[in-house]
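J.: This is the feature table in Swiss-Prot:
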type	residues	note
TRANSMEM	27-47	transmembrane segment
TRANSMEM	102-122	transmembrane segment
TRANSMEM	147-167	transmembrane segment
TRANSMEM	232-252	transmembrane segment
TRANSMEM	263-283	transmembrane segment
TRANSMEM	303-323	transmembrane segment
TRANSMEM	342-360	transmembrane segment
TRANSMEM	365-387	transmembrane segment
TRANSMEM	391-411	transmembrane segment
Amino acid sequence: MDRSIMPIDSPARDKPPDELVWPLRLFLILLGYSTVATPAAILIYYVRRNRHAFETPYLSIRLLLRSFAVGNPEYQLIPTGEKQARKENDSIPQTRAQCINVIILLLFFFSGIQVTLVAMGVLQERIITRGYRRSDQLEVEDKFGETQFLIFCNRIVALVLSLMILAKDWTKQPPHVPPLYVHSYTSFSNTISSWCQYEALKYVSFPTQTICKASKVVVTMLMGRLVRGQRYSWFEYGCGCTIAFGASLFLLSSSSKGAGSTITYTSFSGMILMAGYLLFDAFTLNWQKALFDTKPKVSKYQMMFGVNFFSAILCAVSLIEQGTLWSSIKFGAEHVDFSRDVFLLSLSGAIGQIFIYSTIERFGPIVFAVIMTIRQMLSIVLSTIMYGHELTFLAAIGFMIVFAAIFVDIHKKYSDKSRGPQRSW
């Protein structure tokens with residue numbers, strides 16, 4: 001039986017996983033990635049050593065290799081104009097009208113992220129948990145079990161969508177100053193972060209998962225100091241810790257806290273994996289913001305294309321080495337409605353990326369981390385309302401703590417705006 005196909009009645013394995021398995025799996029993944037990274041590193045070294053031989057005004061393979069390994073540093077001297085300078089300084093609105101516009105924009109991004117992620121969750125659950133009928137035997141159903149193929153399809157659709165947008169507005173795009181390979185860092189960290197997150201679910205209890213995910217804001221701030229040299233005041237760190245505490249209190253006290261979690265222990269492996277998830281996720285957000293801050297900045301569609309290009313390569317290499325790429329394609333060809341669901345899942349993910357990159361570009365990684373925390377809380381609130389569950393007193397206190405911390409931070413930024421430009425989360 002193909003590895004991408006699971007019997008419809010396959011039982012779940014409840015016994016604790018072997019803690020020696022995940023390091024081996026991670027090693028094999030990194031070994032597979034090295035088959036791409038090593039030749040790429042050699043190519044980058046060669047082009048950088050002979051960069052003058054690759055300088056040409058014409059579109060050719062030499063120009064593409066130069067853009068990949070060296071970038072276009074000569075465009076860094078181009079004046080970016082008052083419009084961009086003004087945009088970098090308007091993160092804190094100075095008037096009530098600007099404040100309303102920023103709030104509307106933030107709510108629009110939040111709604112877009114919420115809708116696309118909910119759609120992805122529904123479609124992914126449909127694909128993974130339910131069987132698909134064979135086109136030649138309608139009474140036979142098979143489950144699809146290769147989640148990495150779904151990620152690969154998501155990257156391909158996002159790659160095509162970003163390429164179409166770039167082709168349409170090519171003349172409006174800023175010069176891409178950094179070398180193209182810098183997007184591979186985002187792809188790698190995002191891939192490893194997702195892997196650590198899913199792998200950690202086998203080793204950590206629900207309370208540990210909750211506290212770690214709620215701490216994402218603080219970890220993102222610390223990583224911002226390391227990656228971008230962004231300085232935060234003790235007051236801002238205090239607000240971040242307060243948000244983490246309030247979110248943890250809410251999520252741990254909500255009536256749905258036991259849903260989807262059967263692990264009652266937390267092992268050392270689980271803590272390592274959760275730490276890996278938080279660190280790589282925080283690096284991803286801050287590295288993207290660092291690229292957005294280049295002058296002229298990288299556009300969100302350039303970012304989207306570069307990240308998905310390298311992510312698609314990494315996923316393809318992994319699928320080929322595991323022997324599941326062709327079996328997954330064969331599954332789609334042989335089963336009714338599977339290709340449709342995968343396309344809708346991938347399209348939802350691609351549109352969601354546009355909202356995510358727009359949020360990071362406009363408001364920064366900290367705001368995005370806060371949005372994801374609030375999104376998780378609102379999902380529980382909506383579930384509580386829809387199914388008639390009761391929201392506990394401690395959960396309500398945690399909910400109020402989170403929004404009080406956000407309000408206090410915003411109020412302080414407005415109070416201090418007369419002292420000069422302030423940092424924005």
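Yeah, the Cβs are placed from backbone N, Cα and C, and that goes for glycine too.
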J.: Using a Cβ-Cβ cut-off of under 8 Å, list the residues of the same chain that are 6+ residues beyond the ends of the transmembrane segment (232-252) and lie near it.
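T.: For the transmembrane segment (232-252), the far contacts come to 207, 210-211, 213-218, 221, 224-225, 366, 370, 373, 376-377, 380, 394-395, 397-402, 404-406, 408-409, 412, 423, 425.
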J.: Take the transmembrane segment (391-411) and find every residue of the same chain, 6 or more past its ends, with a Cβ under 8 Å from one of its Cβ atoms.
T.: 235-236, 239, 242-243, 245-255, 370, 373-374, 377, 381, 384, 425
J.: Given the cut-off of 8 Å on Cβ pairs that are 6 or more apart in sequence, determine whether the transmembrane segment (303-323) and the transmembrane segment (342-360) share at least 3 such pairs.
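T.: Yes, the transmembrane segment (303-323) contacts the transmembrane segment (342-360).
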J.: Which residues of the same chain, at least 6 past either end of the transmembrane segment (27-47), have a Cβ under 8 Å from a Cβ in it?
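T.: Residues packing against the transmembrane segment (27-47) from afar: 54, 65-66, 68-70, 179, 181, 184, 188, 195, 313-314, 317-318, 321.
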